[in-house]
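So that you can see what the record holds, here are the features copied from TrEMBL:
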DOMAIN    7-194  domain 'Galactose-1-phosphate uridyl transferase N-terminal'
REGION    27-54  region 'Disordered'
BINDING   C56, C59, H131, H182  Zn(2+) binding site
ACT_SITE  H184  active site, tele-UMP-histidine intermediate
Amino acid sequence: MGEASRTSEARRDAVFGRWVVFSPARSRRPTDLKSHNPTTNPSPAPGAEAAPKPSCPFCAGRESECAPQIFRVPPEDTLPWRIRVIENLYPALRRDVEPPEGGGGEAEEVPGELALSGFGFHDVVIETPRHDVRLWDLEAEGVRDVLLAYAARVRQLGEHPAVKYVQVFKNHGASAGASMAHSHSQMLGTPFVPPSVKSRFNCMKEVYDKSGNCSLCESSKDILISETPNFSAIVPFAASYPFEIWIIPRQHLSYFHEIDQDKALDLGSLLKIMLQKLSKQLNDPPFNFMIHSAPFGLSSSCLPYAHWFVQIVPQLSVIGGFELGSGCYINPVFPEDAAKILRELDCST
């Protein structure tokens, strides 16, 4: 169906269970949709002197200004570091307080209002020692190493008996929640399974119980952007946001932190290309990406519908009262159109 002939349509997502209203009349052509708040400064005019490169506590040589280091890559102190995993200087949850009794898991089932101790882990992954390098500027092997650092830290956090879930995420750009311009990502280990994770599993279980299929194991070729031997990059059928991308393991896998070197390189290559495409097509937009994995200790009966994936959300519009009040979203770009634009976009130059 062409762009001109499209009318509004409501679609229900089979992973989060959200309804999305696609309303192309609310936007110009999909190819005209650009970020008005790009995250990079414009290049200097020809002949003009370039501004000095900034420095910050995440830059090489200023490690003493950061919160304590957890580990680094490579681990040898005699070699320059490429990646550092550190504690967050301003953590949302604190590792130095007493965990809630029972780890918080039992308390989740108690109805009504409830307060738990603010126990948890909040870490930062500094993806590069250089202030002027973004994640997608790294070689595929560099992105692979960042992914492997995520996985290593998630495995460490999973050994703590009170940690039930780890959310890995990246905020790029101030309006997407990044307080530091230096390329970094974060993770929070919580003593409870967050409600969005629970609702995701409930929705995927409902689909599996009715169809016998995992929600993420099959996707329409109309919404495919690119694929590798191990991963598919798609615009989801009911994308909540314009130009939203999911990167999904083609093999049914439940836990991100079990990723190996080869699959991490494959994912690193595809993630790099997808971020390059979004930057080129949308004028370097602020974005968030999240790794949606399974909670620790998941029952084996849940594994057939537990499938991890990466969600990338460019920040191109403001969430309004309808979305906040209803839990439904309005997207001005049909997934098939967004996928076609991104599929055909050449980032080789």
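Note that Cβ sites are derived from N, Cα and C of the backbone, with glycine treated the same way.
All annotation found in TrEMBL is predicted automatically rather than curated by experts.
Recorded features from TrEMBL, shown on the structure.
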residue: C56; record: Zn(2+) binding site; Cβ contacts under 8 Å, 6 or more apart: R62, H131, M180, A181, H182
residue: C59; record: Zn(2+) binding site; Cβ contacts under 8 Å, 6 or more apart: P129, R130, H131, H182
residue: H184; record: active site, tele-UMP-histidine intermediate; Cβ contacts under 8 Å, 6 or more apart: F58, V124, V125, I126, E127, K170, A178
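Candidate binding-site residues: H131, H182. Fewest other C-beta atoms within 10 angstroms, H131.
Mean predicted confidence for the domain 'Galactose-1-phosphate uridyl transferase N-terminal' (7-194): the pLDDT average there is 83.
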